[in-house]
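K.L.:
Here's the feature list from Swiss-Prot:
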| type | residues | note |
| --- | --- | --- |
| BINDING | HIS13, HIS15, LYS98, ASP246 | Zn(2+) 1 binding site |
| BINDING | HIS15, LEU16, ARG17, ASN41, HIS135, LEU218, HIS250, ALA262 | substrate binding site |
| BINDING | LYS98, HIS135, HIS173 | Zn(2+) 2 binding site |
| MOD_RES | LYS98 | N6-carboxylysine |
| ACT_SITE | ASP246 | active site |
Amino acid sequence: MTTLTITRPDDWHLHLRDGDVLTDTVRDSGRYNGRALIMPNLVPPVTTTEQALSYRERIQAENKSDSFAPLMSLYLTEKTTSEEIRKAKATGHIVAAKLYPAGATTNSDSGVSDVKNVYPILKTMQEEGMLLLIHGEVTTHDIDIFDREKTFLDTVLAPIVNDFPELKIVLEHITTKDAADFVKNAGPNVAATITAHHLLFNRNHMLVGGIKPHFYCLPILKRNTHQQALVEAATSGNPKFFLGTDSAPHAKDKKEAACGCAGSYTAHASIELYAEVFENEGKLENLEAFASFNGPDFYNLPRNTDTITLVKEAWIAPETMAFGNDFVVPIRAGEAVEWLVK
């Protein structure tokens with residue numbers, strides 16, 4: 001039987017939601033992750049230090065794992081102050097601020113309409129050593145949804161990188177060859193997270209033979225040439241790329257609807273799904289760096305010191321999983337997952 005023991009991984013991009021669903025989402029993500037960076041796009045968004053610490057307390061109240069710790073982020077708005085950034089940084093629990101272009105994804109209406117409006121805040125973040133996380137898509141209606149990431153790189157991200165060379169930036173959940181190349185060619189302060197579903201699937205999986213709403217996420221799945229570029233980046237051993245699931249649950253009826261929500265749920269099997277990708281590429285030896293080393297190294301945090309063991313043993317993912325008083329349909333629902341965490 002094939003086994004693989006790696007340093008305990010972290011998830012550098014996770015949605016836990018809030019309220020009664022935390023019992024389920026914290027359980028799923030806390031099974032084997034050491035840390036998870038929690039996204040702030042609640043309703044209302046997590047824009048203050050007090051809100052972030054209160055949210056952390058609600059998460060910890062449901063946390064049954066001694067080895068799992070949530071790291072928090074602030075939702076960056078055009079009303080965010082430098083004082084708030086300094087206060088957040090001083091807590092030791094809030095490690096980043098997230099830039100959402102207004103309207104780019106779930107609960108992003110409070111986001112930034114013009115990045116120049118937050119330049120004073122980015123200057124403070126650069127001075128304080130707080131990381132900037134970016135949802136890298138433009139939101140103007142004249143730009144095709146499949147081109148929004150590429151346009152963002154050229155018109156928004158490149159100027160930020162140029163104007164704030166000491167600011168550490170994570171381009172979240174990249175979906176294109178263009179984004180992978182941008183990160184590779186940028187300086188040492190630019191990195192990216194990559195999701196399991198963008199490595200495993202492309203837009204054909206979502207659209208051919210009927211619309212598959214549980215593959216619908218933002219940024220949207222792209223063509224297979226972009227998928228393969230992401231696989232190459234993730235499995236290459238390049239320290240600029242690391243694990244961020246963007247596991248984003250919505251209740252079953254909110255996905256299977258005339259106007260369904262964006263987000264795919266992978267927290268039930270995240271490291272197992274990544275292992276499939278690395279095995280398929282013959283790069284299992286690089287999984288540990290991607291999942292367990294590159295993220296904490298970029299964040300200047302210590303690596304986890306304990307381990308988990310994966311076994312090459314297929315199991316069937318559940319058709320649905322508990323999500324508070326409702327249900328979520330996970331990726332690979334009713335289908336085989338090739339690896340199992342023992």
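Count begins at 1; order follows the chain as displayed.
Every residue gets a Cβ built from N, Cα and C, even glycine.
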K.L.:
Of ASN41, LYS98, ASP246, which binding-site residues come within 10 Å of HIS173 (Zn(2+) 2 binding site), going by C-alpha to C-alpha distance?
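P.N.:
So the list reads ASP246.
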K.L.:
Near ASN41 (substrate binding site), which of the binding-site residues HIS13, HIS15, LYS98, ASP246 can be found within 10 Å, Cα to Cα?
P.N.:
HIS15, LYS98
K.L.:
About how far apart, in whole Å, are the alpha carbons (Cα) of LYS98 (Zn(2+) 1 binding site) and HIS135 (substrate binding site)?
P.N.:
8
K.L.:
Express the distance between the Cα positions of ASP246 (Zn(2+) 1 binding site) and LEU218 (substrate binding site) as a whole number of Å.
P.N.:
10
K.L.:
Between the Cα atoms of HIS135 (substrate binding site) and HIS15 (Zn(2+) 1 binding site), find the distance and write it as a whole number of Å.
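P.N.:
Here the two Cα atoms lie 14 Å apart.
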K.L.:
Test of understanding: give the count of other CB atoms lying within 10 angstroms of the CB of HIS15 (Zn(2+) 1 binding site).
P.N.:
24
K.L.:
May I ask for the distance between LEU218 (substrate binding site) and HIS15 (Zn(2+) 1 binding site), taken between their Cα atoms and rounded to an integer number of Å?
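P.N.:
Between the Cα atoms of LEU218 (substrate binding site) and HIS15 (Zn(2+) 1 binding site), the distance comes to 13 Å.
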K.L.:
Relative to the mean position of the Cβ atoms of LYS98, HIS135, HIS173, the recorded Zn(2+) 2 site, which additional same-chain residues have Cβ within 8 Å?
P.N.:
HIS13, MET39, LEU99, TYR100, ALA104, THR105, LEU133, ILE134, GLY136, GLU172, ASP246
K.L.:
Non-local Cβ contacts of ALA262 (substrate binding site) (under 8 Å, 6 or more apart, same chain)?
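P.N.:
Residues satisfying the criterion: THR105, THR106, TYR216, CYS217, LEU218, ILE220, ALA248.
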